[in-house]
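What follows is a short report on a single structure.
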Amino acid sequence: MDLSKYRPSSAYDTPFLTTNAGGPVYNNVSSLTVGPRGPVLLEDYHLIEKLATFDRERIPERVVHARGASAKGFFEVTHDVSHLTCADFLRAPGVQTPVICRFSTVVHERGSPESIRDIRGFAVKFYTREGNFDLVGNNVPVFFNRDAKSFPDTIRALKPNPKSHIQENWRILDFFSFLPESLHTFAFFYDDVCLPINYRHMEGFGVHAYQLINKAGKAHYVKFHWKPTCGVKSMTEEEAIRVGGTNHSHATKDLYDSIAAGNYPEWKLFIQIMDPEDVDKFDFDPLDVTKTWPEDILPLMPVGRLVLNRNIDNFFAENEQLAFNPGHIVPGVYYSEDKLLQTRIFAYADTQRHRIGPNYMQLPVNAPKCAHHNNHRDGAMNFMHRDEEVDYLPSRFDPCRPAEQYPIPSCVLTGRREKCVIPKENNFKQAGERYRTWEPDRQDRYINKWVESLSDPRVTHEIRSIWISYLSQADKSCGQKVASRLLVKPTM
């Protein structure tokens, strides 16, 4: 009998029903009782096992990005970037790397409509020969706050009222009135792009600045951009209401059906590159996650293409248990000093350990597809077969040794130990620049969304005045139009 053959897998299903331990089940309908009317006997092991398993079927949903859909495919390098990075998966045009991608909404629960106004998650896990690289981004290039100290409050303000469980504008506008840097993200959040028609027709962004390092050790800051080959398409508020009322899973269905029909979604990957010596040449901090980099100065460079050509086999195993972490990088890619990115490195792994368990990286969808070895051992639900006698390092009985050193950015950091804001906040300029690129009808939809939100009866005159001041500092005309429709006199 081959004891290694029958590992847990549907590939080894028997033609008849069994318990988890493999014992035969001859009746899956009737409980074991005393007589036909009962009571039920506790010795009905299969009944107890079936109910106990059902009670534990679900895991805690993600605190953000709970509603999502996943698909598999590949990333192919199309342009040579070896002068910028020594990353193996980017080593030459034509190199392909298997990936799994997850799209999501951010704020609402697992079963919420995919048609609601929200930022969308756009996360890609590259299964490279040097380990997993997780590019965990969104469909907008900026975020509401630049410091993770405010992140829990940011999410709570966006989520439903803890008393009524209703998402309310007064809570959102109250909290973010204390974060003027959030206006740039609102220029996306209240814009058409946060009502994408589906996942296939939206952009993706790495959001944060990272670093690319070449073989010589030269580092450049980098931002990642995903551009859909089928173009960007959004819905109006009215269309979103109609679509959500018809099918609350419309984007998941569209993604699944498109792949099943052979109409594979595709995105082009572009990067922006900045020399670290140029960081101080801008009127904003390039490592501030509330800012974008000007494309006229730092143009988009093509790198490769992402193609999703396989649907997942099991939603729970490959979507609910799929775990991303910005801390997962590979040689040739490194973090920047972005404050929010630095804290996400800890927070994502921490939430996965809580949500899935300490051995979540052993799950097939999360495990690297290359040889790997460490002495992280045991723990709840560990299922890795290990037969070593040495579980420590260094050892003269174990040939395992540290890996070859690869280049990482080296720089001298100086400063006082203090809690403070960055010197170049420049909170409003880019929000105004974005607004002025729109056609009048798009500007009007943006203004209407502000008027609707600020008309919430619990939004105070003080809060309205603050937001009109912010909008006016971004674009005087925009602030005046919102103020006039609210019958509020602008302060600027």
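Any Cβ shown, glycine's included, is placed from N, Cα and C.
If you look up Swiss-Prot, you'll see His65, Asn138 marked as active site, on the strength of sequence analysis. Per Swiss-Prot, heme binding site is recorded for Tyr348.
DSSP assigns Asn138 (active site) to a strand in the three-state reduction. Within the same chain, residues at least six positions away from Asn138 (active site) with a Cβ under 8 Å of its Cβ are Val106, Ile119, Arg120, Gly121, Phe122, Gly204, Phe205, Val207. In the three-state DSSP reading, Tyr348 (heme binding site) counts as helix. Sequence-distant neighbours of Tyr348 (heme binding site) (same chain, 6+ apart, CB under 8 A from its CB) are Val136, Ala323, Phe324, Asn325, Pro326, Gly327. The secondary structure of His65 (active site), as reduced to three states from DSSP, is coil rather than helix or strand.
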